[in-house]
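*Asks:* Take a look at the following structure, please.
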């Protein structure tokens with residue numbers, strides 16, 4: 001059987017076409033995976049740079065300025081330095097718990113990004129229990145911190161892990177009650193539905209105005225969950241050296257460093273989604289869709305505008321936790337627990353009862 005030249009060329013072109021299809025298929029699988037990872041990484045780098053610049057302004061000094069333009073690559077330089085440092089293990093500690101702890105803390109926080117809507121219908125997992133899934137996942141992170149403290153075989157590390165667990169339990173309940181109030185107002189636990197419920201009434205329909213008490217409780221509780229000053233008792237330098245991070249070095253210490261900023265970004269994004277209208281701008285007396293001509297330019301342009309609005313609100317809100325770090329003194333452990341159990345818990349419970357009563361009366 002003789003095959004002429006044209007048939008050989010056709011077979012070769014067909015095989016090349018099949019190879020290209022396989023390559024494109026792999027690329028389309030990898031794009032949804034690496035795009036959120038890249039976005040989250042850039043978001044964390046921006047937060048670190050913002051914190052250093054704002055902190056420098058508050059303290060009247062010059063922030064980072066040599067690594068990249070305006071020092072924006074300083075966080076990347078610090079991460080590279082940690083990556084090449086020696087990874088030390090405690091001689092008498094539990095090495096398995098010591099190694100698993102940072103990974104649990106980071107993974108549990110990363111999973112929270114699944115239910116955050118960055119734009120109209122732009123969410124990785126639009127679940128009917130979105131906000132409560134976030135609360136359930138975020139409660140896993142202190143387990144990793146406790147494992148790290150216990151596995152270090154160090155009294156300072158163990159005390160830091162215990163403080164992290166006690167602090168998380170104390171402030172998780174008021175946080176959950178505030179989220180439950182928002183869920184009752186929106187008649188849904190989906191993050192997308194909560195944003196759309198606020199969009200119906202414009203700027204004055206934001207839950208910030210409908211739930212001012214809940215917003216304050218949520219703000220304080222989220223600061224405590226992120227272990228930011230004045231609630232950074234699990235890693236208080238003057239008392240516990242570095243808390244549960246004392247024995248860590250290299251990439252494992254870097255994971256804790258990244259986890260703290262990931263948690264801060266998640267909390268700010270949920271404040272934006274639950275209280276600040278999410279991707280909806282709604283400036284009073286300014287018709288935003290007509291201003292940007294979203295309806296005529298198509299859905300892609302509207303999605304880009306929604307992402308920009310969500311991130312702008314998030315980074316503007318980040319000024320509050322960054323400023324409180326250099327403004328308020330650290331609480332004592334008894335003051336922290338009293339604030340959570342004796343003040344925030346009754347206030348959040350009363351807010352939930354008021355919200356439930358108003359919803360029942362409006363039926």
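Glycine is treated like the rest: Cβ placed from N, Cα and C.
What Swiss-Prot records for this protein is below:
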{"type": "TRANSMEM", "residues": "26-46", "note": "transmembrane segment"}
{"type": "TRANSMEM", "residues": "98-118", "note": "transmembrane segment"}
{"type": "TRANSMEM", "residues": "127-147", "note": "transmembrane segment"}
{"type": "TRANSMEM", "residues": "253-273", "note": "transmembrane segment"}
{"type": "TRANSMEM", "residues": "300-320", "note": "transmembrane segment"}
{"type": "TRANSMEM", "residues": "336-356", "note": "transmembrane segment"}
*Asks:* So which of 253-273, 300-320, 336-356 is most in touch with the transmembrane segment (127-147), counting Cβ pairs under 8 Å?
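*Replies:* Checked against 253-273, 300-320, 336-356; highest Cβ contact count belongs to 253-273.
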*Asks:* Mind checking which residues of the chain, 6+ beyond the ends of the transmembrane segment (336-356), have their Cβ under 8 Å from one of its Cβ atoms?
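*Replies:* Result: 166-167, 170-171, 173-174, 177-178, 180-181, 184-185, 211, 213-214, 217, 220-221, 224, 231, 233.
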*Asks:* Which range out of 98-118, 253-273, 300-320 gives the transmembrane segment (26-46) the most CB pairs under 8 Å?
*Replies:* 253-273
